[in-house]
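Working notes, structure below.
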Amino acid sequence: MSRLRFLPAAAFFLLALDAFPPSTAAAGAQQLRPDYYADVCPNLESIVRDAVRMSVAHSPVAAPATLRLFFHDCAVRGCDASIMLINPDGDDEWRSLDGMTLKPEGFNTVMSAKAAVDSDPQCRNMVSCADILALAARDSVFLSGGPDYQVELGRYDGRVSTRGSVVIPHGTFNLDQLNAFFSGLGLSQADMIALSGAHTIGAASCGFFGYRVGAGTDAAMDPAFAEQLRGTCPGGVGVGGGFAFLDGATPLGFDNEYYRNLRGGRGLLGSDQALYADPRSRGAVDLYAADQEAFFDDFAAAMTRLGRVGARTAEDGEIRRDCRFPN
């Protein structure tokens with residue numbers, strides 16, 4: 001299968017949001033189970049993991065890009081791989097201003113995994129792109145040193161993708177704004193804090209955090225860290241191509257250093273540092289900073305709940321033959 005060259009982007013970021021019918025989400029979530037493809041594609045998980053391993057070995061960007069892609073997908077129309085769709089008129093999610101912050105390595109990881117799955121005659125056109133994306137996100141976490149958790153399967157692919165449906169939270173968000181966004185997905189503050197730990201891998205361009213180190217340096221930021229970032233983003237808001245890792249301590253490793261950074265005022269995005277600045281969420285940050293196993297457990301549980309958002313059934317979805325186009 002040939003790969004589409006998706007446009008390069010300046011940063012990895014959080015999520016996208018749109019309305020999806022609660023009834024659809026409930027019905028879709030009820031059908032999800034880890035062994036959904038046991039009879040039709042028994043080697044599915046090993047096939048996807050091997051493909052993701054190859055992608056990660058090829059580029060260190062692949063793991064965080066794939067993980068961000070899953071977040072964006074689930075938060076727009078639910079976990080239906082609508083982020084992968086290409087519309088001839090250009091009106092699709094990934095070509096929205098916010099969607100284009102996603103890196104092409106994430107899309108290509110999913111496309112490669114889809115090709116690997118379909119190369120098995122038993123599996124060809126039997127597994128949804130939405131489920132392949134969910135598995136690829138889990139494997140990206142695991143292959144970066146994170147938890148290896150069960151993924152519920154049985155999602156169908158959506159048929160619709162529009163630029164106007166994409167709305168994402170900003171790096172300037174405070175705790176109330178973050179909670180409002182995640183609440184719209186049916187997720188709690190605890191889920192949000194655990195999922196934010198995905199920022200232990202990946203990077204952001206200066207445009208997302210440069211304002212914090214400009215003329216009015218953010219008081220919540222460690223002064224030495226701010227000085228370091230000024231060298232990366234000399235123009236403050238960073239119109240240029242500079243970037244910084246979301247977790248500068250272990251940028252390629254999925255661990256709890258992200259939370260330790262927050263305790264030291266070294267959160268890159270304002271929305272990250274807000275988790276420690278606000279006493280209502282500080283306790284969870286302290287817990288995860290001290291106990292990586294607790295973070296891993298809660299992250300896996302939150303990813304499972306995220307993966308249920310807007311899950312489609314055969315009644316309102318399909319299994320795409322090509323992840324980029326409806327059948």
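Heads up, the Cβ atoms here are built off N, Cα and C, so glycines get one too.
These numbers come from a predicted model, not from an experiment.
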Cys79: disulphide-bonded cysteine as recorded in TrEMBL, out of Cys41, Cys74: Cys74
Disulphide bridge to Cys323 as given by TrEMBL, partner from Cys41, Cys123, Cys129: Cys129
Disulphide pairing with Cys206 per TrEMBL - partner from Cys123, Cys233: Cys233
Those binding-site residues, out of Asp80, Ser82, Glu93, that come within 10 angstroms of Cys74 (disulfide bond) at the Cα: Asp80, Ser82
In the chain carrying Cys123 (disulfide bond), residues 6 or more apart in sequence that have Cβ under 8 angstroms from it: Tyr37, Val40, Cys41, Asn43, Leu44, Ile47, Val117
Other C-beta atoms that fall within 10 angstroms of the C-beta of Pro169 (substrate binding site): 20
Number of other Cβ atoms within 10 Å of the Cβ of Arg68 (site 'Transition state stabilizer') across all protein chains: 25
Confidence summary (mean pLDDT) of the domain 'Plant heme peroxidase family profile' (31-327): 91
